[in-house]
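Undergrad: Quick one: this structure, given as structure tokens, is what I'll be asking you about.
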Amino acid sequence: MMPTPVILLKEGTDSSQGIPQLVSNISACQVIAEAVRTTLGPRGMDKLIVDGRGKATISNDGATILKLLDVVHPAAKTLVDIAKSQDAEVGDGTTSVTLLAAEFLKQVKPYVEEGLHPQIIIRAFRTATQLAVNKIKEIAVTVKKADKVEQRKLLEKCAMTALSSKLISQQKAFFAKMVVDAVMMLDDLLQLKMIGIKKVQGGALEDSQLVAGVAFKKTFSYAGFEMQPKKYHNPKIALLNVELELKAEKDNAEIRVHTVEDYQAIVDAEWNILYDKLEKIHHSGAKVVLSKLPIGDVATQYFADRDMFCAGRVPEEDLKRTMMACGGSIQTSVNALSADVLGRCQVFEETQIGGERYNFFTGCPKAKTCTFILRGGAEQFMEETERSLHDAIMIVRRAIKNDSVVAGGGAIEMELSKYLRDYSRTIPGKQQLLIGAYAKALEIIPRQLCDNAGFDATNILNKLRARHAQGGTWYGVDINNEDIADNFEAFVWEPAMVRINALTAASEAACLIVSVDETIKNPRSTVDAPTAAGRGRGRGRPH
């Protein structure tokens, strides 16, 4: 008698296992790498991605591109996640980490097809990664923090390396200096929140500026605003979460009115409530009043008569940055505006930038903060500039915390490749082949740099292998002269942390994908979502 089959999974569940599904997962990861392969390096191309809502994004940043791709393959999502983690951890090297992970998998694919056990591959990869990380730490060059001039030079070079593959690479010296200035203005915690980036359309990139303080766009203002002064020295700043508008209180109360005088008394009380608030603010000594909620026309004119400046509907993050920079605290009532809840700064002024007016707070005593004001033409271009600066800022922060650097341009990868290849020849068994495969995979970075620049990769890699075998540790691809060069001398520097993180993350992702032996996809729920309730009559949009 036939045994009854045990049905464990729901009908329609897609389950695949064994070597074919592992090979399929590896192939999916290679497809993801293909998407960002051409963006690597100073001659990398950009991608134009249009999302479901029709918003266009032009980007060269691996993490941004992978976030915008709607990846559904479960194994390929792992690569998207490591690119995101690299972006969050060190800010740069997102394309490199994706390429490395895909190349590690590509190199072990033949061994997987031949039936080599995944655990042997994972063991070899972990050994190779540990050796590579130790080697980076051993050969990385440490820059002395005590020498401020040297340290600044190092930081600028690291920022320029991060910016050289971006759209703004032509202005990398200009922006690298600004980025280093910005990070140097921060306190020891180097909080990213304390650097604001505002974009103003129009003008050239070189018109961008760095403000040593807080800056935000002038908010919507009512009549009477033009009478207010636009510049103060050492003002006190009131930060409020209070609505300063005339409110009809009859909406909030039920009142029986017998005479006209009673009604007049109610109207007078409404005015008095508002004037009472305004007087308290005036008596507190504040010269600049910022509120998250609207400040109406009556209040605007009241402040103008008393030489005070006000701005309502200030975005919350700008209000918080002003509070962190100028001191004080955001008040939800005006009843206790004492001196210790008011902020201070050296200069407040409103200035025209392009077609916009901006409010500037400079010389803030409390916390070090700064704001980039970016200029440029197309909106997409300015957004890409903002992403590029974010990468450079992250790199400079990392370089301050960990002061060891390595040479970029494929130099460190070639050196590690040579070191691991030599090591693999000293060990017996299957590990030798796998560590050799890991070493070969590292060459994808210089190879892709050559391919993206249109060079003969085979020729340049042969030269690099020969030079590294002779002891030229820092030799990498010279993009400008279609040759190889000592990239440490050429100041193509990046923090050792970037490379360590990239190698570790790529190796972990490769091990994770190799260790999966079965993929089970549950069927999509077939129950239709409940239809949206019909809109009220006369309110529905036309279908």
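Backbone N, Cα and C define each Cβ position, glycine as well.
Pulled these from Swiss-Prot:
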- G41, G93, T94, T95, S96, S164, S165, G409, E494, R499: ADP binding site (BINDING)
- G41, G93, S96, R398, G409, R499: ATP binding site (BINDING)
- D92: Mg(2+) binding site (BINDING)
- K430: SUMO2 cross-link (CROSSLNK)
- M1: N-acetylmethionine (MOD_RES)
- K67: N6-acetyllysine (MOD_RES)
- K250: N6-acetyllysine (MOD_RES)
- K320: N6-acetyllysine (MOD_RES)
- R535: omega-N-methylarginine (MOD_RES)
- 524-543: region 'Disordered' (REGION)
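Let's see these features in context: how buried, what's close, how far.
TA: The Cβ neighbour count for E494 (ADP binding site), using a 10 Å radius and every protein chain shown, is 26.
G93 (ATP binding site) has a Cβ environment of 30 other Cβ atoms inside 10 Å.
The C-beta environment of D92 (Mg(2+) binding site), restricted to residues of the same chain at least 6 apart in sequence and closer than 8 Å, consists of A162, D391, A392, M394, I395, E494, V498. Secondary structure at D92 (Mg(2+) binding site), taken from DSSP and collapsed to helix, strand or coil, is coil.
Around the Cβ of K430 (SUMO2 cross-link), the number of neighbouring Cβ atoms within 10 Å comes to 15.
In the three-state DSSP scheme, K67 (N6-acetyllysine) falls into the helix class. Cβ-based neighbour count (10 Å, all protein chains) for K67 (N6-acetyllysine) stands at 18.
A helical conformation is recorded for K320 (N6-acetyllysine) in the three-state DSSP classification.
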Undergrad: Could you tally the C-beta atoms, other than its own, that fall within 10 angstroms of the C-beta of S96 (ADP binding site)?
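TA: If we count other Cβ atoms within 10 Å of S96 (ADP binding site), we arrive at 28.
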Undergrad: Please determine which of the binding-site residues listed here (G41, G409) has the lowest count of neighbouring CB atoms within 10 Å.
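TA: With the binding-site residues G41, G409, fewest surrounding Cβ atoms within 10 Å: G41.
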Undergrad: Please identify, among the binding-site residues G93, S165, R398, the one with the smallest Cα-Cα distance to K320 (N6-acetyllysine).
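TA: Result: the closest of the binding-site residues to K320 (N6-acetyllysine) is R398.
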Undergrad: So among K67, R398, G409, K430, R499, all listed as recorded positions, which is physically nearest to S96 (ADP binding site)? Use the C-alpha atoms.
TA: R499
Undergrad: Ranking the binding-site residues T94, S165 by other Cβ atoms within 10 Å, which is at the bottom?
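TA: Ranked by other Cβ atoms within 10 Å, the binding-site residues T94, S165 bottom out at S165.
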Undergrad: Identify which of the recorded positions K320, R398, R499 has its Cβ surrounded by the largest number of other Cβ atoms within 10 Å, counting every protein chain shown.
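TA: The residue with the most neighbouring Cβ atoms within 10 Å is R499.
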